[in-house]
Every structure is written in C-alpha cells, then in structure tokens.
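Below you'll find the structure, written out as structure tokens, and then a few comments.
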Amino acid sequence: MESLLTVSFHRPLSPLSVPSTAQLCSSPSAHVLRCKAFKNVERLCSVRLQEQRQNLRLQHVKRSITLNPRHDLKYIVNSASGHSLESEPPKTPWRSVQQAADAFYRFSRPHTVIGTALSIISVSLLAVEKLSDFSPLFFTGVLEAIGAALLMNIYIVGLNQLSDIEIDKVNKPYLPLASGEYSVATGKMIVSSFAILSFWLGWVVGSWPLFWALFISFILGTAYSINVPLLRWKRFAVVAAMCILAVRAVIVQIAFYLHVQMYVYGRPAVLTKPVIFATAFMSFFSVVIALFKDIPDIVGDKIYGIQSFTVRLGQEKVFWICIALLEMAYAVALLVGATSSCIWSKWTIVIGHAVLGSLLWSRAKSIDFKNKASVTSFYMFIWKLFYAEYLLIPLVR
C-alpha cells in the first residue's frame with residue numbers, strides 16, 4: 001500500500017490510468033487492504049483534478065484584475081470559491097448603503113448608461129431649429145426619453161450578466177452576480193422591475209417613437225443574451241454586431257429624434273442631413289464597439305464557446321480592423337464638415353474630427369496586447385471617443 005501511495009504522489013495521475021475499484025476487488029487474489037488503497041488513490045485523483053481546475057480559473061481571473069481599484073482579491077476569491085480572504089469590517093447602516101450603491105453602480109455598467117444619456121440629449125438637439133424651441137416642453141420630453149431609456153439599458157446589461165455569470169467569473173469577476181454580491185434571484189428581480197418600469201413610463205408618456213424604441217431594444221437585448229433555443233445571439237459574431245448596431249446606431253438616432261420632432265414639437269417626420277450623418281457615423285462606431293468589447297474577454301469566451309470575431313481571428317487583427325473602421329468614419333466626417341455651408345459648423349466639425357482621429361491613431365500605436373489592463377483601458381478610451389462624438393453631432397449643419 002505504501003508503494004501505491006508513493007507512486008501516486010510522484011507521478012502525474014490520470015483517471016484513465018487508474019484501474020477501477022470494481023475490477024481490483026473482483027479479482028480472486030484481491031485483498032481488502034489493496035481495495036481500500038485504490039479507493040484512496042481514486043479519491044486523491046478526483047481531489048487533485050478539482051484543485052487543478054480551480055487553480056486554472058483563479059489564474060484566468062487574476063489576469064483580469066488590474067485596471068479598476070474595485071477589482072481586488074476579494075472579488076477573485078468570491079467568484080472562484082465563494083469565500084473571501086478579507087475579514088469584513090463591522091457593518092453599519094451607512095456602510096450597507098454604500099456597499100449597495102457600489103454594487104448597483106457596477107451592475108448598471110455606467111459607461112453604457114452615460115453613452116445612452118449623452119446620445120439621447122445629442123440627437124434631441126438635432127430637432128431644435130430656433131432658440132424658442134428650448135421650452136419646458138422640450139426639456140420634459142428629453143427627460144422622459146432619458147428616464148425610460150436608462151431603465152431599459154439597465155434591463156439589457158443586467159440580463160446579459162444573468163446569462164453570463166460563469167463567463168464573468170473569468171472575464172469580469174468584479175460584477176455583482178459573478179462575485180456573489182447579488183444572488184440570481186436578486187438579479188432577476190432587478191431586471192424584471194426595470195423592464196416593467198421602462199415600458200410603463202414609455203406608455204404613460206404616450207410617444208409612439210419612444211415606445212417602439214423601447215420595445216425593439218427589449219426584443220434585441222433579450223435575444224442577444226438569453227440562453228434559450230434559437231436565441232443567445234451573442235454566440236454568433238455577425239448577428240451580435242447587428243444587434244448592437246440596430247440599437248446604438250439606428251434606434252437611438254432615429255427613434256429619439258422622432259420622439260422630439262413628432263411628439264414634443266408636433267412636426268412631420270423629416271430626416272435631416274445631421275440625423276442621416278449621425279446614423280451613418282454611429283453605424284461605424286457601433287460595429288467597432290461590438291467588435292472591440294470582446295477583445296479583453298477572449299479568455300472567458302474561449303472557455304465557454306462564444307465564437308466572437310476575437311476568438312476566431314485573434315486580438316490583434318480585430319483591433320486593427322476596429323481602428324481602420326473608426327479612422328474611415330472620421331475621414332467621412334471631415335468631408336461632411338468641409339462641405340457644410342455654415343462656417344462655424346464647418347470648422348468645428350473638421351477640427352474636432354481631425355483631433356479625435358489623431359488621438360485614436362496615437363493611442364493605438366502604444367497598446368500592449370499581452371497586458372489585459374492596456375487592452376481594457378483602450379476599450380474605455382473608445383467609449384470616451386463615443387461620448388466626444390455626441391458632443392460634436394449637434395453642431396453638424
């Protein structure tokens with residue numbers, strides 16, 4: 001028995017190389033002690049295999065914890081094993097409120113919330129024709145649209161997290177569901193409540209462009225994430241990109257512009273040059289976001305079989321495709337600005353897009369693909385360019 005145990009510690013074990021207990025015990029010459037020894041060996045194999053899988057998961061998780069101060073060891077341990085290395089400080093009512101607010105902040109994916117709010121404000125301004133259009137009715141209509149859209153935004157990002165808990169334990173262990181701060185039941189309650197509130201607000205407002213924007217976003221956001229037959233479209237790279245393009249490029253630009261144009265001002269539905277430009281430009285940007293968001297998440301996507309473009313083509317190739325698409329969009333924007341008959345609009349659009357294009361190229365040359373923090377930081381830089389574009393769009397004339 002000693003020799004058997006010694007071998008088990010000094011030689012790699014494989015479940016295929018260990019005879020089954022039944023075989024050994026059924027032999028006429030088998031002894032009771034030998035059977036017990038092999039049972040111990042089998043149990044040891046099982047324990048060591050589980051430890052190896054756990055260590056592999058921890059290695060992948062640790063690689064993703066470098067960018068945000070919140071992404072500390074506590075989230076690694078919670079997401080991988082359900083236990084924290086840190087002793088929790090005494091809880092007070094104020095600390096509980098802070099922790100709840102911080103968890104919800106991370107759950108809401110704030111960069112998407114900011115992008116949604118900015119985009120609605122920006123395209124709403126495209127409907128303004130004269131100074132008197134800035135009326136209480138305008139501001140009320142914009143706030144109603146932002147409120148309903150943000151509720152739907154949180155439903156969509158929350159549903160995505162509910163569907164990706166195991167993947168996020170590798171890619172984003174700081175998210176509340178992946179770290180264990182939120183239970184699945186809590187996540188379901190939040191996303192259900194926010195979807196209902198979004199539709200309720202859209203219905204109460206009475207704007208059909210707004211309601212249809214919410215409904216289509218709900219359908220595409222659900223089909224993108226939910227893991228049921230024929231859905232979970234995020235598994236398919238082209239379909240996933242089309243979902244994001246439809247929401248971020250088409251629905252946001254056209255539906256929310258029509259909300260202000262038709263519902264707030266009571267004017268006919270006319271798509272102006274700035275609206276067409278915004279839709280075309282954001283189509284490029286939405287494709288870039290759809291492609292780029294998977295670059296930092298390649299490890300978890302590979303493990304769980306998400307066939308993103310990054311998994312299929314590699315990080316570096318997808319990265320430079322994104323850069324090329326954005327630089328093409330900036331070049332088109334320069335031409336649009338240069339052909340404007342409005343002098344102040346011409347120079348603002350030309351100079352603004354030239355500066356953004358230069359910043360993009362300069363930053364792209366310094367990326368380190370081996371460093372996940374560098375890749376994730378660049379992804380957030382893409383979102384900052386996204387915000388900046390919405391500051392320029394209302395100036396297109």
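Cβ from N, Cα, C; glycine included.
Database features, via TrEMBL:
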{"type": "TRANSMEM", "residues": "112-128", "note": "transmembrane segment"}
{"type": "TRANSMEM", "residues": "134-159", "note": "transmembrane segment"}
{"type": "TRANSMEM", "residues": "180-203", "note": "transmembrane segment"}
{"type": "TRANSMEM", "residues": "209-226", "note": "transmembrane segment"}
{"type": "TRANSMEM", "residues": "238-258", "note": "transmembrane segment"}
{"type": "TRANSMEM", "residues": "270-292", "note": "transmembrane segment"}
{"type": "TRANSMEM", "residues": "318-338", "note": "transmembrane segment"}
{"type": "TRANSMEM", "residues": "344-361", "note": "transmembrane segment"}
{"type": "TRANSMEM", "residues": "373-393", "note": "transmembrane segment"}
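Residues 64, 66-67, 111, 114-115, 118-119, 121-123, 126, 274, 277-278, 281-282, 285, 288-289, 292-293, 295-296, 315, 322, 326, 348-349, 352-353, 356, 359-360, 363-364, 367 of the same chain lie 6 or more positions beyond the ends of the transmembrane segment (373-393) yet place their CB under 8 Å from a CB of it. Among the listed stretches 180-203, 209-226, 238-258, the one sharing the most Cβ pairs under 8 Å with the transmembrane segment (112-128) is 238-258. Remote same-chain residues near the transmembrane segment (238-258) are listed as 115-116, 119-120, 123-124, 126-127, 145, 149, 209-210, 212-213, 216-217, 220-221, 223-224, 269, 271, 275, 278-279, 282-283, 285-287, 289-291, 308-309 (criterion: CB distance under 8 Å, separation of at least six residues from the stretch ends).
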